[in-house]
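Student: The structure that follows is given in the form of C-alpha cells.
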Amino acid sequence: MLSDCLLNNFRITAQIGSGAYGLVFHVVDILTSREYAVKTVFKSSSMDEFYNKNGLNNNSQVARTTLLQTQLYHFFKSFQKKLFLPSVDLDSILQLTENELNRLPHYREIAFQLRVQSHGNIVKIHQVLESSIATFIVMDYYDRDLFTSIVDDKHFVNHGILIKKVFLQLCSALDHCHRLGIYHCDIKPENVLLDRNDNAYLCDFGLSTKSKYLAPNVCVGSSYYMAPERILYCLNTTTNGIHVDECCSSLPTDTGDIWSLGIILINLTCIRNPWLKAHQKEDNTFQHFANDNNVLKKILPISDELFTVLTKILQLNPYTRIDMKTLMSEVSSLTSFTREGPLSQVPILSSEVYMTHIIRNENLFLSDLSHFSADQEQQQQQQQQQQQVQEQEQEQKQEQIQNQEQAQQQQEEEDAEPESDIPSTYNSDGSMEKYEYTNNHNNSTFLTSSMDSTPYQSDIDDVSASKDCKFQQDTLRNRLLCLQMNFSTLTDGPNEKWLPDY
C-alpha cells in the first residue's frame, strides 16, 4: 500500500513491523543506497480522533494495523506520495524536561534511546522527522530478530559459543542502560535484533522508564518475560514473604529486566518458555516452580550448571536476584547448557576474549570467536607441553649428573689398582686377553694367552685395537724364529738347506 512512497530522501520498500500505536518500514536512502528502518509513531490525539470519526475501537491488533496503514496512506496520498518533513535536532530532544516529555509522550521513547545509544549493542537513531499525525524515527536496519532466529531458524541449536556471545552482548547493553538510569521493562526476543555477523542489538524503548522503583498497579511488557512483581494480578498475592500491594513502590525496576534475561536464556538453550505467566494462581507450572525450583530440571533439559545460574536469576524476591555483573561472569564460565547433545559442552570465555572480541567488535564473525576460544585452549595446551618438556630436561640433567658421579667413582677405583707389566689387548667381544712369555725354546709358540672372562664395557666397540695387537704378535713370532735358526747355525754348522742357492 505504501511501497515507493517517499519520505524526504527515503523510499519505502516494505512494512516490517507493527505495534499498538505505530508501524515500522524498511526504507532505502536514494542518495546513498543505505538501508534503514523507519518507525512511525502516531500521535495519540490523532489516533483517538481517527477512531472516533470512524466509530471504531482499537482492541484488535489486526484492526489497529489496518487502520494505521489506511490513515498513513491517505496522508501520503494528500501529498502525492512524497513527504518532505522537517528534521528535529537530536540534542534538543535530550534537553526536554520531564514536564515537556509528559506533554509529548511519544518523545519519551526517543529521548531514552538517544541517551543510551552510545553502546555498541543498542540500535541507533539517525533522524527524527515530525508531521501533524505522526513522528518518523529513522534507525539502523537489521533484517532479523532474536525470536525468528531461535524459533524459525533454529540458529542456536548447535552453537553454545554463539549463545554466550548474543546473551552477553544483550546483558552488556542492558547494564549500560541501567547505569544511565534507563530501565527497558520490555525485554523479549522480538526486541533484540541481529546483524549478519550474529551481533545483538537492543531496540524498542517504548515502555522504558527512569523510575528506580515500580509504579503501583502498573503491568507492562509481555507476560512470558515479565517478572512476577510486575504482573498486575500479583498485587493481591505475596512473593516470597513480600506483600506486593503494600510495598510495590519499593520494589526495584532493574531486577525485573534481569528476570526477563533469565527467560531469554532458557529460550536460547531450550527453544521454549518455562511458563506462560509468572503467576502462581494462573499458571500451574509456575506454581510448582515457586514451591520447588527443581521443577526446572524436570521440564527442561538443562545442565546442573545452567540450573544453578537460573535459580539465581529467577528468584521470586527481586532483592535476592543476581546482579548483572555476576550474571555475565557466571554465564561466561559455564561449560554446559544441557545434559546431552551439542550444548552439553560449551567453551569457557575468558574476560579478555569477552571484552575484546564480544563487546567492542561489532563486526565479529562466529568463526572468529570460535578461533579465539580455540587459540586460548591451544595456548593452555602449549604451556602444559612446555612445562612437561622442562620437567623432562631437568630429570635428564639430574640423571647425567648421577652418571658422571658414578663414572668418576669407578675411575678412581680403577686408578687405585696396581698396574701389571703383562701386555694386554681386547677381543672383539670386549674381553681382555693377557699374554705371558715362556722359556721353552723348542716350542714354536712363544706366547700363550689366557682369557679374562670379564668384559670391559667401556671399550666394547674397540675392535681395531685387537687386530693391531694380533699383527704385532705375528711379527714378533717370525723374528724369534729367525733368531732361533741363526743360533743353531752358529752351534751346529751351516745348514745347506738354509743357505741361499747361488
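Each Cβ is built from the backbone N, Cα and C atoms, and glycine gets one as well.
Feature table excerpt (Swiss-Prot):
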DOMAIN    10-338  domain 'Protein kinase'
BINDING   Ile16, Gly17, Ser18, Gly19, Ala20, Tyr21, Gly22, Leu23, Val24, Lys39  ATP binding site
ACT_SITE  Asp186  active site, proton acceptor
REGION    376-439  region 'Disordered'
COMPBIAS  376-391  compositional bias 'Low complexity'
COMPBIAS  399-410  compositional bias 'Low complexity'
COMPBIAS  411-420  compositional bias 'Acidic residues'
Student: In three-state terms from DSSP, label Asp186 (active site, proton acceptor) for me.
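Tutor: Coil, per DSSP.
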Student: Would you mind pulling the longest C-alpha to C-alpha span across Ile16, Gly17, Ser18, Gly19, Ala20, Tyr21, Gly22, Leu23, Val24, Lys39, which the record has binding ATP, in angstrom?
Tutor: 15
Student: Would you count the other C-beta atoms found within 10 angstroms of the C-beta of Ala20 (ATP binding site) for me?
Tutor: 12
Student: Go ahead and report the DSSP secondary structure tallies for the compositional bias 'Low complexity' (399-410): helix first, then strand, then coil.
Tutor: 12 helix, 0 strand, 0 coil
Student: Would you mind checking how many other C-beta atoms are within 10 angstroms of the C-beta on Gly22 (ATP binding site)?
Tutor: 23
Student: Cβ atoms within 10 Å, counted per site: which of Ile16, Val24 has the most, among these binding-site residues?
Tutor: Val24
Student: Which whole-number mean pLDDT does the model give the domain 'Protein kinase' (10-338)?
Tutor: 90
Student: Give the three-state DSSP assignment (helix, strand or coil) for Ser18 (ATP binding site).
Tutor: strand
Student: Given Ser18 (ATP binding site) and Asp186 (active site, proton acceptor), what distance in Å do their CA atoms have, once rounded to a whole number?
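Tutor: The separation of the Cα atoms works out to 16 Å.
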Student: To the nearest Å, how far is the Cα of Ile16 (ATP binding site) from the Cα of Asp186 (active site, proton acceptor)?
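Tutor: Given the Cα positions, Ile16 (ATP binding site) is 19 Å from Asp186 (active site, proton acceptor).
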Student: Would you count the other CB atoms within 10 A of the CB of Ser18 (ATP binding site), including those on all shown protein chains?
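Tutor: Its Cβ shell of radius 10 Å holds 17 other Cβ atoms.
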Student: Helix, strand or coil at Val24 (ATP binding site), per DSSP?
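Tutor: DSSP call for Val24 (ATP binding site): strand.
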Student: Looking at Cβ-Cβ distances, which residues of the chain lie under 8 angstroms from Asp186 (active site, proton acceptor) while being 6 or more apart from it?
Tutor: Asp204, Gly206, Leu207, Ser208, Val220, Gly221, Ser222
